[in-house]
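In what follows, a single structure is set out as structure tokens and then discussed.
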Amino acid sequence: MEPKVAMEFVERTMKKNPDVVGVIFIMTIDQSKLSTSNTPFAMIDEHSAIPSEQEILFTMHSVFRVVEMKQTTKNNRLWEVQLTITDDNDPQLSTLTNRIKQEVRGSTGWRIMGKLLLKVGHFDQAEELYQELLKNASTDSERAFIYHQLAYVRKYRGEYREAAEFLEKSLKVYEQILSPNDPKLATMYNNIGLVYDNMGEYSKALEFYEKANKIWEISLPPTHPDLATSYNNIGQVYNNMGEYSKALEYYEKSLKIGEKALPANHPDLANSYNNIGTTYYGMGEYSKALSYLEKSLSIKQKSLPSTHPSIKNVMNSIAVVKKKL
């Protein structure tokens, strides 16, 4: 679309509603980077009622890479987002997509949908779905899984007592039907540790994290992402206890696995960079802290929805660090 026309649409809406933030998408289309089998766009000005708008019609599922997001200098309510068009054959996109498909896999479409809703931060929709599934659950194993997922929802909302209640219900079932070293039990112990961690009960958190880690070190290959998660969580407890050297040791173990096992733009890598950054901040090494936090933000902006709360959290951390420099 003609840039002036796009700006008119945005400014008109912003004048009507002072709470609205305007966003202009500036798209770069390099046809040499597109698969020859795709026809992702077409100029339709000859068929438009207003040819001067120079509209372009994109096919469904067209994919763009976010290059940069910035506020305009003239208006702090207006943002520009630089995009470049790509397709499913983009190596980073396909690697990340395949990884996320593995992480949200499930025995039914509803289970997959629930995991995906949690992954992108749509917690209300996830809870609504899981409560409906709970009504129709016919086995203890199925109910245990749903209790576990509802605990995730509560944890992400900061409702840790409620999360603990759901986890205890789930753990009670799993301990009866699983062997002592089953990886599913490790997942349960890990998540209970997370809840205690968020409640500030660090000794209990460390106890459950170490139970999970013991099972995973036995049952998983040394570069498995769940093992990276385990090291990360132990590091988090030490960080919360102010034992920064121990925290950094475990965070670096986690990052080492993540860099081998995950795509370069995976959100879990962003979390590792963020955690190392906050640890360096606690140690007073602000330049190192800023470097890791900026790496974290870059990945999160590329791999998560723009409204995901963790993006704002990293931005706030960066602002705090910059004040120390």
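A Cβ is built for glycine as well, from the same backbone N, Cα and C atoms used for every other residue.
Straight from TrEMBL, the features:
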type	residues	note
REPEAT	107-140	repeat 'TPR'
REPEAT	186-219	repeat 'TPR'
REPEAT	228-261	repeat 'TPR'
REPEAT	270-303	repeat 'TPR'
Model confidence over the repeat 'TPR' (270-303) (mean pLDDT, whole number): 95
Positions whose Cβ lies under 8 angstroms from the repeat 'TPR' (228-261), at least six residues beyond its ends: 186, 190, 193-194, 197, 200, 202, 205-206, 209-210, 212-213, 216, 222, 268-269, 271-273, 275-276, 278-280, 282-283
Contact set, same chain, for the repeat 'TPR' (270-303): CB under 8 Å, 6 or more residues outside the stretch: 65-66, 69, 96, 228, 232, 235-236, 239, 242, 244, 247-248, 251-252, 254-255, 258, 264, 310-311, 314-315, 317-318, 320-322, 324-325
DSSP residue counts for the repeat 'TPR' (228-261), split into helix, strand and coil: 31 helix, 0 strand, 3 coil
For the repeat 'TPR' (107-140), the number of residues DSSP places in helix, strand and coil: 26 helix, 0 strand, 8 coil
